[in-house]
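*Asks:* Before anything else, here's the structure in question.
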Amino acid sequence: MVPTATSATLKTAFSHSAIEVFFTGGSASVSEDQSLLATAYGEEVVITDLSTGQRKHKFKGDTEQVTTLALSPDGKYVVVCSRSLQMRIFQLPECKLVRAFKAHDGPVIVMHIDSTSTLVATGAADGVVKVWDLAGGFNTHTFRGHTGVISAVRIFGQKGGVRWQVASGSDDTKIRIWDLVKRKCVAVLEDGHVSVVRGLDFSSDGSLLISGGRDKVVNVWNMENYSLVKTILVFEALETAGLLSSGTLTSKVSDQLIYTGGEKGDVKLWSIDSGEEVTPEHATIQTSEEVGVSDIIYYPSWNDLIAVLSDQTLVEHTLTSNDLPIVRRLSGNNGEVIDLAYVGPVDVQGIQKYLALATNSPEVRVISTETQSSVVLAAHTDIVICIDASIDGLWLASAGKDNVARIWRWTASGMEDADGNEHDGFQLHATFKGHLGSIGGVALARLVTRTGYPKFLITGSQDLTVKKWTVPSSAEEPLEVAKPVFTRKAHEKDINSVDIAPNDEFFATASQDRTVKIWSVEEGETVGILRGHKRGVWSVKFSVYDKFVVTGSGDKTVKVWNIRDYTCVKTFEGHTNSVLNALFISAGAQVVSAGGDGLVKVWDVKTGECNATLDNHEDKVWSLAHRSDGKVVASGGGDSVITFWEDITEEELARQAEADSELVEKEQELSNFVYRKEWKNAILLALTLDHPSRLLNLFRIVIAENAEKGSIMGLREVDEVLSSLASPQLQLLLRRVRDWNTNARTAAVAQRVLNVLLQSYPPEKFLAVEDIKRTLDALVPYSDRHYTRLSELLEESYIVDYTLRQMDEVLMTQINEV
């Protein structure tokens with residue numbers, strides 16, 4: 001017995017959308033209106049709509065890594081520099097390349113575009129600072145004087161102002177001030193830093209300059225006499241520093257705050273007046289992953305700032321209070337997606353709008369599927385391997401290489417954004433400690449109690465044991481649970497997956513020892529063993545609708561098992577690499593599987609056939625999740641891409657039915673045209689329907705009738721039709737002529753049609769046809785062959801004439817003799 005369903009319920013057609021990598025580290029830039037984000041993606045540059053997180057443009061690279069980029073404040077230009085030493089200027093939104101040229105003798109390291117979007121300053125590894133006209137792409141200034149790599153650059157200037165300066169910092173620890181009007185260096189600030197200068201910024205009136213470096217200090221300089229005003233010790237190596245606009249987060253008009261970011265991974269604010277930090281101290285979690293701030297993006301017109309982290313995350317902080325609340329987090333690169341689950345409350349349409357990710361890091365990321373903004377759940381101290389969500393989506397379990405399992409509860413967080421709106425989210429509820437090895441599988445109880453708490457948690461580990469834990473029913477603060485309900489030796493090798501039956505009576509464990517075991521939740525005893533896989537089993541999932549489980553294995557197969565008698569009822573073969581995940585959809589009538597071959601496959605459980613093969617990944621597909629409304633399956637893989645496969649079977653069937661109905665109507669219309677001998681309309685319709693044989697027969701009939709002398713095709717209106725085709729029709733007809741020309745029986749028709757086309761269209765029209773070279777390459781040799789054959793036939797016909805003439809002469813001689 002296998003799960004069954006009517007064919008109407010089977011999902012066979014899918015559309016897809018994806019959360020893709022748009023940032024791989026390095027430079028990021030935002031337009032002043034916060035509409036566009038430009039990021040480096042290897043050798044390419046991606047332009048993203050910052051409000052939706054959707055990719056708008058992607059500029060191809062020049063085969064070398066991008067070293068720095070800048071988006072002009074008005075959002076009209078993107079400047080890109082790479083290791084090839086090329087500097088390219090693109091115009092938006094046309095994505096037009098304005099100019100490309102060699103900018104420096106070494107790679108450009110830093111870049112800054114002035115507030116008027118007129119000038120761009122570049123600093124390179126050759127120790128030279130250059131200024132360029134942004135619109136024209138030509139060099140206006142070249143400044144030499146540094147003896148090391150340029151590590152920071154900043155332009156000061158105001159529209160209509162007479163004072164234009166560039167400040168540059170280098171790994172020679174010096175800061176130089178260049179006057180663009182005088183075209184020379186007006187000051188060298190050399191007593192402030194003892195390490196690389198990484199951050200520079202002018203005050204709005206240009207009277208102050210602040211500098212931050214890896215020597216863990218921020219210096220404030222007076223730009224009237226170029227003297228050091230103050231040194232602030234910040235206790236971390238800095239990668240960026242700047243000034244907030246006057247009056248922001250300070251009651252004193254005279255005071256101004258400095259923002260800094262560096263190796264500790266936090267954005268901090270410092271008062272110029274007091275030299276003290278004004279942001280409260282944050283509690284940090286010691287993990288195996290160190291994340292620092294590599295840049296901070298800020299405009300004086302903003303009421304927030306965006307921190308660019310070294311893990312390719314962009315964090316938006318609102319400037320409504322000194323603790324800098326996070327209002328949005330965008331992950332430019334989610335890393336290898338090991339596991340995922342739909343979470344969050346189900347809305348009125350039955351849809352969950354959040355996705356929890358385990359991404360080869362100690363943090364669990366919760367992403368909005370609508371805006372792609374994310375929240376980080378930080379508590380684990382090593383990589384999170386597995387996650388699971390409760391049926392209602394309000395509970396999330398996570399576990400990993402720190403040997404600890406944690407559960408999180410969805411609750412109102414109390415955090416307010418810039419508009420005073422509260423956010424909901426997950427908070428840590430309890431921690432479960434007791435395993436001696438990495439936890440490879442975790443599962444929450446499926447039934448929801450009256451209190452809303454899951455009854456228990458099951459974990460399986462590399463210590464070869466499985467544990468059942470009782471979930472605390474109430475907690476003001478996160479609790480630590482150290483004593484499990486039971487611990488059982490489960491397998492001979494690592495446990496890869498754990499799942500719980502819909503009725504909470506059984507749970508299953510899958511292991512590298514090639515077996516799957518079914519356990520009683522109450523007693524913790526094995527009630528059945530599923531044997532049949534030839535390699536380790538990566539995944540096990542219960543069916544919600546019947547007593548079946550589905551497993552995926554390293555032997556490249558997917559198996560469906562009946563847990564009444566623990567027998568295998570179906571085996572699906574089709575993947576070319578290990579099957580890493582599998583689950584039931586369509587009320588148990590179909591199975592979705594994900595493999596190391598980068599493919600997602602949909603199987604019909606009843607027939608064993610593959611209904612669809614879905615391809616949007618370039619690496620292993622580790623994880624699958626099914627949305628609560630049954631319409632979408634999400635897949636995540638080693639290529640850092642999360643793909644949403646939406647079922648469009650009903651729409652596709654409706655579209656196909658409509659297309660079939662339309663085709664029947666047009667077929668009837670074509671028959672009517674032929675019956676009435678309306679050859680012009682018949683030929684056009686046959687060409688539109690792409691019926692090669694019908695079209696060929698129509699041409700043959702018209703040519704045979706030869707109704708009008710002087711017409712190439714035998715009918716002038718047919719000649720006119722062929723001489724006024726649209727480009728797609730011309731392309732299609734040329735392909736048909738190419739095919740007909742390969743056969744001696746149809747070549748005569750092909751040559752007549754080709755004759756009309758060559759006389760009717762200029763060469764430019766043919767050159768615009770897609771793949772014209774291949775078409776001509778096929779036409780020419782066969783046309784030569786036909787010409788040679790006809791020439792030979794013509795020559796042979798002369799022998800007939802000669803023979804007849806000679807016969808006439810002989811006959812006449814005989815007559816004369818008689």
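Going from the start of the chain as shown, residues are counted 1 onward.
Cβ coordinates are placed from backbone N, Cα and C, and glycine is handled just like the others.
Unlike curated records, TrEMBL annotations are generated automatically.
Because the structure is a prediction, the values reported are computed rather than measured.
Here's the feature list from TrEMBL:
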type   : residues : note
DOMAIN : 667-807  : domain 'U3 small nucleolar RNA-associated protein 13 C-terminal'
REPEAT : 101-142  : repeat 'WD'
REPEAT : 143-188  : repeat 'WD'
REPEAT : 190-231  : repeat 'WD'
REPEAT : 377-408  : repeat 'WD'
REPEAT : 488-529  : repeat 'WD'
REPEAT : 530-571  : repeat 'WD'
REPEAT : 572-613  : repeat 'WD'
REPEAT : 614-655  : repeat 'WD'
*Asks:* Let me spell it out: take the repeat 'WD' (101-142), skip the flanking residues so only those 6+ beyond its ends count, and list any with a Cβ under 8 Å from a Cβ in it.
*Replies:* 27, 67-74, 76-77, 79, 81-83, 85-87, 89, 148-159, 166, 168, 170, 176, 178, 180, 183
*Asks:* Any residues 6+ beyond the ends of the repeat 'WD' (488-529) with a Cβ under 8 Å from its own?
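*Replies:* For the repeat 'WD' (488-529), the sequence-distant neighbours (Cβ-Cβ under 8 Å, at least 6 residues beyond its ends) are 386, 440-447, 455-456, 458-462, 464-468, 535-542, 544, 549, 551, 553, 561, 563, 566.
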*Asks:* Would you mind splitting the repeat 'WD' (377-408) into helix, strand and coil residue counts from DSSP?
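*Replies:* Summed by class, the stretch gives 0 helix, 19 strand, 13 coil.
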*Asks:* Can you name the far-off residues of the same chain, 6+ from the ends of the repeat 'WD' (530-571), with a Cβ under 8 Å from a Cβ of it?
*Replies:* 1-3, 493-494, 496-502, 506, 508-518, 577-584, 587-588, 591, 593-595, 603, 605, 608
*Asks:* Quickly jot the same-chain residues contacting the repeat 'WD' (614-655) by Cβ under 8 Å, restricted to those at least six beyond its ends, or write none.
*Replies:* 10-21, 333-342, 346, 349-352, 355, 357-358, 367, 369, 393, 577, 580-583, 585-586, 592-596, 598-602
*Asks:* Quickly jot the same-chain residues contacting the repeat 'WD' (377-408) by Cβ under 8 Å, restricted to those at least six beyond its ends, or write none.
*Replies:* 285-288, 338-346, 352, 354, 356-366, 426-433, 435-448, 452-454, 457, 459, 461, 469, 471, 497, 628
*Asks:* If you average per-residue pLDDT over the repeat 'WD' (190-231), what number do you get?
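*Replies:* Across the residues of the repeat 'WD' (190-231) the model's pLDDT averages 95 on the 0 to 100 scale.
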